[in-house]
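A.B. asks: So TrEMBL says this about it:
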TRANSMEM  12-29  transmembrane segment
TRANSMEM  35-56  transmembrane segment
TRANSMEM  68-85  transmembrane segment
TRANSMEM  91-108  transmembrane segment
TRANSMEM  115-133  transmembrane segment
TRANSMEM  139-156  transmembrane segment
TRANSMEM  168-193  transmembrane segment
TRANSMEM  199-220  transmembrane segment
Amino acid sequence: MNDFKQFAKAQGLKLVPFLVTLVLYFSLVRKDPQGELWTTVLKCLPIVALMFYMVAKGITLKKEYRRSLWILLGLVFSCGGDALLNINLFPFGMISFGVAHVFYISAFGWKPVKWLIGLVLYVAVSLFVYFVHKKLDEVLIIGVPIYCYLITTMLWRSLARAVASTNFLTIFCAIGAILFVISDALIAVTMFVGVPLPFARLQIMITYYAAQFAIGLSTADDGPAVRRTFHKKIK
């Protein structure tokens, strides 16, 4: 347990910038942004801080760090998506987040497959797409279904890894994927269904940042030496 606490403390120091930028965003951005440069910067800073964490914990082009590289690229495109959404370029922001999910899917891999999980998720998202497609315009009627299936695939791959693993970081990553879907679902019900949610922006951003945090932290055991030490400490 002491070894685990030391491990958590070592990771925590690298995550201080993320925590600081979160405080800045939620304390300074008090209402829905209107495309201002300063709110765009503050919105992106926590994701930039997670990129810093990815680099600070150690990352190379070697095979052992491939998952970290994919997730780092996912964070880069997520940051781009945040900026585009904040300046009201929703279709382009959705494309950027779609690319981010492709990188996350690559990071999570395809083994084990767990077809049943995928089937259940795809049936659910298909019902959602059918329900909202009449509310979409010419661009979104194509983009939204594609994005929905991408994020659903990302969720499937993270859950498939988690149910076959006892590693808490893998399970934590799946929790992050679930929170990502919840965050996007909150956006969907407010934009496309017209459901008025109390403190909608706070709900969306809290679940979003928590999701990215969990996905980023899941790479803490990347690298052969780190992974062996980590697994030894949590036994």
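The backbone N, Cα and C atoms fix where each Cβ goes, and this holds for glycine too.
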A.B. asks: Assess whether the transmembrane segment (115-133) lies in contact with the transmembrane segment (139-156), where contact requires at least three Cβ pairs under 8 Å among residues 6 or more apart in sequence.
C.D. replies: yes
A.B. asks: Among 68-85, 139-156, 168-193, 199-220, which stretch has the highest count of C-beta pairs below 8 Å with the transmembrane segment (12-29)?
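C.D. replies: Most Cβ pairs under 8 Å with the transmembrane segment (12-29) come from 199-220.
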A.B. asks: Given a Cβ distance threshold of under 8 angstroms, which distant residues of the chain, six or more beyond its ends, lie next to the transmembrane segment (139-156)?
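C.D. replies: Tertiary neighbours of the transmembrane segment (139-156) are 90-91, 94-95, 97-98, 101-102, 104-105, 108, 114, 117-118, 121-122, 124-125, 128-129, 132-133, 177-178, 180-181, 184, 192.
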A.B. asks: So, taking each listed stretch (68-85, 168-193, 199-220) in turn and counting its Cβ pairs to the transmembrane segment (35-56) that are under 8 angstroms, which one gives the highest count?
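C.D. replies: Comparing 68-85, 168-193, 199-220: 68-85 has the most Cβ pairs near the transmembrane segment (35-56).
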A.B. asks: Which sequence positions outside the transmembrane segment (68-85), separated from its termini by at least 6 residues, show Cβ-Cβ distances below 8 Å to it?
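C.D. replies: Counting only partners 6 or more residues beyond its ends, the transmembrane segment (68-85) has Cβ contacts under 8 Å with 40, 43-44, 47-48, 50-51, 54-55, 59, 61, 92-97, 99-101, 103-104, 106-107, 212, 215-216, 218-219, 222.
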A.B. asks: Same chain, outside the transmembrane segment (199-220) by at least 6, Cβ under 8 Å from its Cβ: which residues?
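C.D. replies: Non-local partners: 7, 11, 15, 18, 22, 25-26, 32, 43, 46-47, 50, 53-54, 57, 67-68, 71, 74-75, 78, 104, 169-170, 172-173, 175-180, 182-183, 186-187, 190, 226, 230.
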